[in-house]
Ligand code: 5AD
Ligand code: SF4
C-alpha cells in the first residue's frame, strides 16, 4: 500500500493564516480554502507567523494593490525571520486581475491563485514544494469550483453563508467583477440543497445565499428543468431546522415577479432585501449600463412592499460617477428620501483600470465626490437610525448567536439583520426567541425576552 491514509496526512500539523478583504463572497471563499487545505494538515491560526499565509484580496474600489503590496512587505519580514519557511499565496480578485505581475513585484510570493481556482490549491502547493518555484493559476476552468471543493466544511455556526452563483454578465461600466469573477455561473439545485442540509446539520438556523448577482441564479432543478431563484428558495424552506433565508446581492433587472411573490409566500424568507440601485438619475444609470431606469426600481419597491408590508430595504450608491451633474446627484438624494432605506452603503466612484467608465473624460473632482458622499451619508445615517428607533416597542423573533460584548448578555440578529442584545446570559446559541425592543442605538438594538413560549 503506497496510499497515505487521511489520518496519517492530518497528523502533519501545519499552520494557516488567511487575511480576507472585501465582500461576503471573499469571506465564504476563505472558509472554503481552509476546508480544502484541512486534509493536508493545515489548521487556522490568528497570527501571520504561520506555515502558510493567504491574502484573499478585493479589487472593487481604491488602492487594492497598494494595500496588497504593503501587507506583502510586512509578510516578507515574517517569512525572512522564519528562514523562508512560509508559503505565501495571493488569492481573490487582485490575484485574478494582476496574475504574474504580482510575482514580478514581490518575488517572495509562492502562489497566485485566481478566484476560480481555489479547489486546485493543494496541487499548486505540491507544485511549489516539488519544483521550488512560484506558480500562477488565474484560469477560469470549465469545472465549477464550488462543486470541486470538499463537502466536509467547518461549521459556520447559527448564521451560515452558501454561494449559489458566481460571476456576472452585466458589465456595469464601473465594475471589475465581470473581469475578475468571470461569466455568470449557477450551481445546480441538488448541490446547493445538499450543502444547505449539511450546514443545518452543523448548526445553521439561518442561511444567506450568496452571489455577485444572486437573483440571476438559474440553475438545474431537481426535475431536470432550469429553476428560478424563487423555486430554489421554496425547496430550501422545506429543510427541517432551517428557520431563516436571505439572498444577496441582487440586481433590479432580475427581481422577477416570482421572486417578489416569494417575499409574500415563503415564510422563511426574511423581510429584508439588499437591492443596489447605485444612482437616482436615469442618465447616470444609463451611463453605468445598469439597463434599467429609476422607474423600474420604484416599481419593484412598491411591489415588494405590497407583497411584504414589513419589508426593509438596503442599497448601494455610487457618487461622482463620470458626468454626474448637480441635478443627477439631486435625483439620487430625492430617490433616497422618497424610498427610505434601513441600511445603505455608499461609495465615491473609483476608476477601475480596464473598465469603460475609467476612460471617460468627464471625471468628477475629488472635492465634489467628497462633499456629495458626506451629504448622502448624512441622510442615509439618519434613515438607518430612524429605522432602528422605529423598532422600539416592536416584538419579533431574534436568532441568538453567542454572548454579547458585556458579561451577562447574549447577542443575536433581528429579521432585519440588526444586532440585538438582551441582558440574559442563559440562552443557547442557535435558538430563536421572541423579544420586545426596548431601545435603539445607531447600529444595534437592546431588547427584553418575552415571557411567552420560546419560538424554536
Ligand atoms: N467605484 C465605487 N464603487 C464601486 N462599487 C463597485 N465598483 C465601484 C467603483 N468602481 C460599489 C457598487 C457595488 C458595491 C459592491 O461596490 O455600489 O454595488
Ligand atoms: Fe458589477 Fe453588480 Fe454590475 Fe455585475 S451587476 S457588473 S457585479 S455592479
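One is the number of the first residue shown, and numbering goes on along the chain from there.
Glycine too: its Cβ is placed from the backbone N, Cα and C atoms.
A coil conformation is recorded for residue 23 ([4Fe-4S] cluster 1 binding site) in the three-state DSSP classification, outside any helix or strand. Applying an 8 A CB threshold to same-chain residues 6+ apart, the list for residue 23 ([4Fe-4S] cluster 1 binding site) reads 58, 60. Per TrEMBL, [4Fe-4S] cluster 1 binding site is recorded for 23, 58, 93.
Look at TrEMBL and you will find 168, 172, 175 tagged as [4Fe-4S] cluster 2 binding site. A 10 Å cutoff on Cβ-Cβ distances gives residue 172 ([4Fe-4S] cluster 2 binding site) a total of 22 other Cβ atoms nearby, all chains included.
Here the domain 'MTTase N-terminal' (14-130) returns a mean pLDDT of 92 for the predicted model. The domain 'MTTase N-terminal' annotation in TrEMBL covers 14-130.
Sequence annotations record features per position, and here TrEMBL assigns domain 'Radical SAM core' to 154-386.
Annotation comment: TrEMBL describes 389-451 as domain 'TRAM'.
Excluding the listed site residues 168, 172, 175, the same chain places 170, 171, 174, 176, 177, 178, 212 with Cβ atoms within 8 Å of the centre of the [4Fe-4S] cluster 2 site Cβ atoms. For residue 93 ([4Fe-4S] cluster 1 binding site), other Cβ atoms within 10 Å of its Cβ number 25. The secondary structure of residue 175 ([4Fe-4S] cluster 2 binding site), as reduced to three states from DSSP, is coil rather than helix or strand. Within the set of binding-site residues 23, 168, 175, 168, 175 have a CB atom less than 6 Å from some atom of ligand 2. With helix defined as DSSP H, G or I and strand as E or B, the domain 'MTTase N-terminal' (14-130) counts 60 helix, 24 strand, 33 coil.
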